[in-house]
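Down below is the structure, laid out as structure tokens.
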């Protein structure tokens, strides 16, 4: 375990000593820290070397020099040196406590519902516990638990996992995962939907979301069957409710003891409340706008009915000029500036398309509240940040978020969550707009603008807001961005995230250098230390 700078100062500071702090770098290139040195009274000298070691030279009756490893001698010198000036920024000591959870690996439970490598996992959880992580998040996969027959559930591997978590004094965020795993960014295992559901899909493929070309997306069930009895006599929402209710009964002891702190209800691909508009399996590549996913017979029937009620039966179709998965907005007649998205028909269609999303969330969360009465419930939204700086916000529109430049597409979703007392979990809080412009300037992305809009939509209706990172994060810059979003500077109402979940536990996270940064981040989220080394020293 690395030794933090705070602990070193506390343990080495002599009662009658005075301190001089400076930076040195034992390598051939210029030291950026040398120009940010600082001096206080005393005779204890600290240097931060390129090998990520803290050197203490105690002056007085005699001199001695001691080295304390922080991240191992293999650390790249230049990266260490360059990272320190960026850290001398905002101090999060004394800020509100934000719990930190860590997502467990996707394959921690195998398809036979057995816990994989319990000893190795236990050791990793002990490491997380050692830096005061509050708990872990785990997916409870529908395709594992109810794999072979309707209403026949196998929770055995999860019970063993939950017992380990409880014994270590950690909490649980549990995801009701009604989607398949595999085929998306970061998926390293394959967990399809239950076998009996796939058998139904073989004879009735319209139970899946469908694009204009007729391609079926088997990642999750279309919202068109929420109230259709096509799943062996049950509707889709009844299937979800039976699953959630069985989970609540099976793990009653973990609810009563408070080990299960939150239930996140999956309501679409990747467990997110959105349409599967940008599937990698169908050839999508960033920053494509994606495609509308309403061509199954059930949703098309509802669209035609909505058009008839409106009095314009010829509007009972999806847009014909909305491009393909990898189009840019300006290449389409629908999404270009002044395009059909803002016509009378376009507004009708987008209102209908986005309302289907809100209605699905409304139905599922009403039943979740029945199943998990008295338990904190969350719903996850994805951060569709590309094309945010265009007028149409095309990628958001195909995902079901009716959020063009002239309309707040997240307020209605936040109001629906407020109705059910459900927290909002949002992604991409670690991303910086400038970095996105450097990598993909053509994407017109603005993750910071999107995060600010969504957080405020939720805070405006006074619902808790949690978050997670969209991509792996090990660097201080990413962690600092999360901290800034978690605890907005100078917010007059003192608003902050209710929790943060880190994506995800893996060998890279617990490598020495990475884990030192993670420990620093956790302490910043908890508001327990001075994040800036400079702030600490100047406090003497």
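Using the three backbone atoms N, Cα and C, a Cβ is placed for every residue, glycine included.
Per TrEMBL, the features are:
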BINDING   139, 179, 187, 380, 385, 427, 469, 470, 504  substrate binding site
ACT_SITE  272  active site, proton donor
ACT_SITE  468  active site, proton acceptor
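All protein chains shown were included, and the count of other CB atoms within 10 Å of the CB of residue 469 (substrate binding site) stands at 22. For the binding-site residues 385, 504, counting C-beta atoms within 10 A of each C-beta gives the highest total at 385. On its own chain, the residue listed as 'active site, proton acceptor' has 103, 425, 426, 427, 429, 500, 501, 502, 503 as residues at least 6 apart in sequence with a Cβ closer than 8 Å to its own Cβ. Cβ contacts within 10 Å of residue 139 (substrate binding site), excluding its own Cβ and spanning all protein chains shown: 23. Cα of residue 469 (substrate binding site) to Cα of the residue listed as 'active site, proton donor': a span of 14 Å.
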